[in-house]
Amino acid sequence: MTSTPRTLMVMAGGTGGHVFPGLAVAHRMQAQGWRVVWLGNPAGMEATLVPKHGIPMEYVRFGGLRGKGLATKLALPFNLLRACAQSLRALRRVKPDVVLGMGGYITFPAGLVTVLTGRPLVLHEQNSIAGLTNKVLAKLAKRVLVAFPGALPNAEWTGNPIRAELARTEPPQARYAARSGKLKLLVVGGSLGAAALNEVVPRALALLAPSERPQVVHQAGAKHIDVLKENYEAAGLACGSDVELVPFIDDMASAYASADLVICRSGAMTVAEIAAVGVAALFVPFPHAVDDHQTTNAEFLAEQGAAVLVQQRDLSAELLADWLRGQSRESLAAMAERSRSLAKPDATDEVARVCAAVAGANLEGKQ
């Protein structure tokens, strides 16, 4: 007679920073025979992305107030009650053994209803500064997990769940030692393109002598790739063997592992992935992030000499060119090793184990 599998409900939505770590845990639990159901917003990216991973969805409509008008704020009580009712119906249908909240607006009403109906709630905060939802729910959850130490009081530091292939990358010492010739630079703008990086990096490279100039792979998002090409051409740098411009990178593990240096924003998942792989990084935090959390994310590595932090207001072609002139593969390798030493490569397993334990089960092995 086959026993009924235990069920995990993942609550996450809105941005990749919430959704991708949730997917990492979901796949880990599925590999152990668990049934996984996702609770998200039908208007969020999760509604398109999660079903592609073979995970069924339940939906709750709820949004935030930040930057919204008076009408939205006045409608909050009604919208919250509606979201709570939708959450209650979803929980009754799914009957989860444990609920994992990974962030996003829907986590607030769904988390409240989870607790009020007596189901165990596990929370995970991805950023170095916790959002309001997790600050409230942390007082009600069975277990509270954080990616950065100190993000929430009395929480367990697990790190951020990442894709398995990133955690399995060859150690930086071996990778850097096997290379010779020009430095290899990876610039990651993400889907939004990071216009500041697209403008400054080509001009900085143009200030370097050809012998000093690294080989570059610059990712900028499909909407920005034409402008990026124009920026490189205006700087006198034609695309070719030493300059590759791409709209998207499918295999980030290989891209990180092939680079001596990464220049990028400092979202929570980016910082976690760079540390897990062990690669030198120059972080330029997005200046308009909520609570300036990208700065504190980057500081976690930068304060340990495991990365360099430059605020966007301070970034210039001259500053970047001068800094690049002072780097060697040896200095970048040392930075990469410090970064790897601060990583939590088993974060996915740890979060999954906590979920299983709260449900009264065990999780076997590692991913």
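Cβ coordinates come from backbone N, Cα and C, glycine included.
Database features, via Swiss-Prot:
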| type | residues | note |
| --- | --- | --- |
| BINDING | T15, G16, G17, N127, R163, S191, I249, Q294 | UDP-N-acetyl-alpha-D-glucosamine binding site |
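Mapped onto this structure are the features recorded in Swiss-Prot.
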residue : record                                        : DSSP class
T15     : UDP-N-acetyl-alpha-D-glucosamine binding site : coil
N127    : UDP-N-acetyl-alpha-D-glucosamine binding site : coil
R163    : UDP-N-acetyl-alpha-D-glucosamine binding site : coil
I249    : UDP-N-acetyl-alpha-D-glucosamine binding site : coil
Q294    : UDP-N-acetyl-alpha-D-glucosamine binding site : helix
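In sequence order, G103, Q126, N127, G267, A268, M269 constitute the residues six or more apart from G17 (UDP-N-acetyl-alpha-D-glucosamine binding site) in its chain with CB-CB distances below 8 Å. Taking the Cβ of Q294 (UDP-N-acetyl-alpha-D-glucosamine binding site) as reference, residues of its chain lying under 8 Å away and at least six apart in sequence are, in sequence order, R265, S266, G267, F283, P285, F286.
Applying an 8 A CB threshold to same-chain residues 6+ apart, the list for T15 (UDP-N-acetyl-alpha-D-glucosamine binding site) reads M45, G104.
Long-range Cβ proximity for I249 (UDP-N-acetyl-alpha-D-glucosamine binding site), meaning a same-chain Cβ under 8 A and a gap of 6 or more residues, is found for V188, V217, Q219, A255.
Under a cutoff of 8 A between CB atoms, and with a sequence separation of 6+ in the same chain, the neighbours of G16 (UDP-N-acetyl-alpha-D-glucosamine binding site) are M45, M269.
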